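Residues or ranges marked as transmembrane segment in TrEMBL: 56-75, 81-101, 113-133, 139-159, 166-184, 196-218. Residues or ranges marked as region 'Disordered' by TrEMBL: 402-423.
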Amino acid sequence: MNGKKGSCVKIDIDLPSKAIAPEQLKKPGVGAADEFRPGQWIRDVWRFAKDDPKRVIFALKVGLAVLLVSLLILFRAPYDVFGTNIIWSILTVAIMFEYTVGATFNKGFNRALGSIAAGVFAIAVMQVAMSSGHVAEPFVIGFSIFLIGTVTSFMKLWPTLTQYEYGFRVTLFTYCLIVVSGYRMGTPVKTAMDRLYSIAIGGLVAVLVNVLIFPIWAGEQLHKELVNHFNTVADTLEECVKKYLADDGTDRPEFDKTVMDDFADEPAFRKCRTTLNSSAKLDSLANSAKWEPPHGRFRHFFYPWCEYVKVGAVLRHCAYEVMALHGCLHSEIQAPYNLRIAFQPEIQDATNQAAELLRSLGKDISNMKRGLQTTLLKRLHSSTERLQRSIDIHSYLLTTTHHEYSSPKPPSKPLDLPDPTQNPVPPTIHRAESYHETMRKQQKRLYSWPSREVDEFGEEGGFGGGDGGEMIRRMRALESTAAMSLATFTSLLIEFVARLDHLVDAVDELAKMARFKEEEI
């Protein structure tokens, strides 16, 4: 700068090749994920529809039902009969049409009951209001609206009347609309009857379209959902045990992924989490299935849909043990790999037998056959007893340090140790000391929990310090703790097998009440 007015200094700065100019930076919050891409959106919609084609069928049926009731307005003759009240048919179809037939019947019943009750109350109250005179009429109507709103809102909170919550809502708004419009139009009875007729037409169209055109039955959905849960629990059990026995501890997931259950290489585990959260879905399907008439393979009245919910509850009780096994798989304290391999045959055999029993139970429910699981149960109990005996016989391995299971494998080549009868050779001694030093460091890394650096051991004395005995006792305690994690894993597996007995009883009870066919031997 030379101090003259208007003068400036030009500074050239060479940016690196990978640098980005400020004008090229995007504004915060605007990125590739926030941009709308029609192609990706179309692919997502296609994938969503392909996963369950019934979703497309349901959407088409709703469109058809709305079209049919709209024709009553588009054509002159029906419109001259019902007038603007025919719009209630469209509202009824839009509100009442549900995914399954049972849910549609359930909502239709609530809709019909609430509309009839509202119509009767409205006609009675309007007659009383008109007979009370012009001055008191609006007060009577206003008080009745307040009373109906209070009673219906309180009753729908009653525990035993929760399933009729929609009916109480329908009663409230139908009553208010009929009374208010009837008061202004001066013909409350005609208004109430026209709207009831319109609601009946909309409900009839919704039921007929839902039942006659590619019906989606809640009972079938419940049946398939339960069978899928059996297969999911079996797959998750096998996946968890297989990974536990194959894991040598070299590839541990990050803590953030463990907390968030983000395991991309465990697809069955993700499905098992869905099984644990399936209680509300099974209850909803069972409640809807109660309203469905006999159909398909469910051809007798009063089908025991509640038993499906009970079997699902027992299955979730078993799935909790699988999730506990998965927690051991990703826990911070792990048994040495060689110790796990020592019990691999017994653990693998018990796992295979348990998974086979689960799939067999799911297959029996799917085929609606009552099979005898005595053979599978005996084989499962025998494999579990072998695992228990093996743990009992080799229990000393789980509490005491044993070099053959816990220490790292020695090098494949023998060490070049010096001949004791001759003078020692310094390079050979140096190699031997290097080997033992390496083994000592590996032992420190392997048996320190929480994980600690090797230098920290050296600073505290370590093996070479004055408190070497105390350090060895601490390491042995840590070794025993790590080995006990294997005992925890096996005990959870045995508990899972014990819970399968209750699952077999629940499935057998379902087969009896649902009249499954006896399996031919």
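Just so you know, the numbers here start at 1 and follow the chain as drawn.
In case you wondered, yes, glycine gets a Cβ from its N, Cα and C as well.
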Stretch winning on C-beta pairs under 8 A with the transmembrane segment (196-218) (pool: 81-101, 113-133, 166-184) is 81-101
Under an 8 Å Cβ to Cβ limit, what residues of the same chain, 6 or more beyond the ends of the transmembrane segment (56-75), are close to it?
49, 82, 86-87, 89-90, 92-94, 97, 99, 201-202, 205-206, 209-210, 213-214, 216
Tertiary contacts of the transmembrane segment (81-101), as residues 6+ beyond its ends and Cβ separation under 8 Å
58, 61-62, 65-66, 69-70, 72-73, 107-108, 111, 191, 194-195, 197-199, 201-203, 205-206, 209-211, 215-218, 221, 285, 288, 291-292
Same-chain Cβ contacts of the transmembrane segment (166-184) under 8 Å, 6 or more residues past its ends?
107, 109-111, 113-115, 117-119, 121-122, 125-126, 129, 137-138, 141, 144-145, 148-149, 152-153, 155-156, 191-192, 195, 199
